[in-house]
């Protein structure tokens, strides 16, 4: 496995055998390699993301039945579709297509990612929990429900995501092994050692004293960005590749790409409103991660990589 020289003082970590730089200090040195250029107009970028998001939502609307008790199923429907979409479902579809698969092969997994993201978002925006931005305008629909619904319903949404995966199995196409592998990927990513662990650490970080060293650096954001957004997007890319019948090296290259893309999203989301010094440091880390992500795509030179600029485009 190639480990790129970041020219910074960092401690390596590994997630699913993927090298992850642990940024701990500033550096005025740049990467020695020249990043690969992938260009796409801003209009095309939004068009690709909007198109795949619309396809995923259409698939979900066919899959979700609003039935009694309405207090559960109607709220589930509203929570899922009012949650701002992230890049993971689109990345899952793009990875599948890159390795020769069709969008339909990845649609159930992409929809499950959308569903589980909604559950995570709901838990992140519970009122009166001390979490960052618990009253975000984006969570207005969620916060219109009673706290007991907000607290318990995400735990019902997650199994629905796994149900989507299980129901996508088709014995006539001999894909049971791939579906099972994707389910395992999901359990690792969204279980107690994945997203839940990241949410716990983010909760701890929200309690930092405003004068503490941790509160004045971007270091506290590394672990949540790694285990939350990073792990989710790594899972998305790997699952898309698996469902597209990729070989192992392709799966791992796309997993690594997804990890870096997710971490970019994590740092951008956490430090977009930070002080000038924090924002500058976060931007430096994002630039490093962007270059690393581009390096992973070099393996796929000669294929249609245009959609992948969607995931490196700074919103």
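Including glycine, each Cβ sits where the backbone N, Cα and C put it.
The Mg(2+) 2 binding site feature in Swiss-Prot is assigned to 124, 130; the stated evidence is similarity to another entry. What Swiss-Prot records for 124, 130 is Mg(2+) 1 binding site, and it gives similarity to another entry as the kind of evidence. The dimethylallyl diphosphate binding site annotation in Swiss-Prot covers 228, 265, 280, and the record cites similarity to another entry as its basis.
Ranking the binding-site residues 228, 265, 280 by the distance of their Cα atoms from the Cα of residue 124 (Mg(2+) 2 binding site) places 228 first.
Of all the binding-site residues listed here (124, 265, 280), the one with the fewest other CB atoms within 10 A of its own CB is 280. Applying an 8 A CB threshold to same-chain residues 6+ apart, the list for residue 228 (dimethylallyl diphosphate binding site) reads 120, 195, 198, 199, 202, 262, 266. Looking at the residues that bind dimethylallyl diphosphate per the record, 228, 265, 280, the two CA atoms farthest apart are separated by 22 Å.
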